[in-house]
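Annotated in TrEMBL:
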type	residues	note
TRANSMEM	20-40	transmembrane segment
DOMAIN	21-209	domain 'ABC transmembrane type-1'
TRANSMEM	75-99	transmembrane segment
TRANSMEM	155-178	transmembrane segment
TRANSMEM	190-209	transmembrane segment
Amino acid sequence: MNYTFQFGVVWDAMPDLMRGASISLSIAIVTMAIAILLAAPMAVACLKRKSVLYWPAKAWVEIARNTPCLAQIYAFYYGLGAFGIFLPAWAAVVIAVSFNNVGYLVEIFRGGLIGVNQNQMKGARSLGLGPVGAYRYVVFPQVFRNTFSSLSNQFIWSLLNTSLGALIGLNDLSGVAMDYQSRTFKTFEFFLAIAVIYILLSKCVLIAARRFRPGGA
């Protein structure tokens, strides 16, 4: 069977692909922000066995890290529907990818917390800061600086995981490509194109991370 490559159809679809890429990037940013807010206190809890959040945090980490992100997306999209809770595709993806991210960020932050000298926490408390203030103003700025590379890599992982949303109808970069592929039957062209776009987006994230890395280039 002879196959004729036609990349012109990809070029014609590029405006829609770019809009899809912006959706993918936006979802990755939102999910990462949500995950950071949730993972930070959970990481602290994981270092304190007597904390009320210790076992819930441990359970979350185990489930998030040991189940596929696709299964998590299906659970929130189809599973909640079985209980009468129907989420739009974008909401299910945001919740699922955030859930997945938390599992990894807790471990990243936990390692960062272990690397911070505990005397600094004591010093912050002696200056009148409460536990929350000490973590917010003294401890976590150092944790973010020490784990910045890992956080950048996790953001890229989030960006790539958003592509799974196409399987439940999300009109992101992969969703747009799948839609055009079904109409034009140009599978290779469209998936090669989005592979290149994902690579470029990931490289841009790494370049930005190096540029804005706290404490140096």
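Backbone N, Cα and C atoms are what each Cβ position is placed from, and that goes for glycine too.
Counting same-chain residues at least six beyond the ends of the transmembrane segment (20-40), those with a Cβ under 8 angstroms from any Cβ of the stretch are 90, 93-94, 97-98, 101-102, 105-106, 108-109, 135, 140, 151, 154-155, 158-159, 162-163, 165, 170-177, 197, 201.
Outside the transmembrane segment (155-178) by six or more residues, the chain places 13, 16-17, 19-21, 23-25, 27-28, 31-32, 35, 69-70, 73-74, 77-78, 89-90, 92-93, 97, 100-101, 104, 190-191, 193-194, 197-198, 201-202, 205-206 with a CB less than 8 A from a CB of the stretch.
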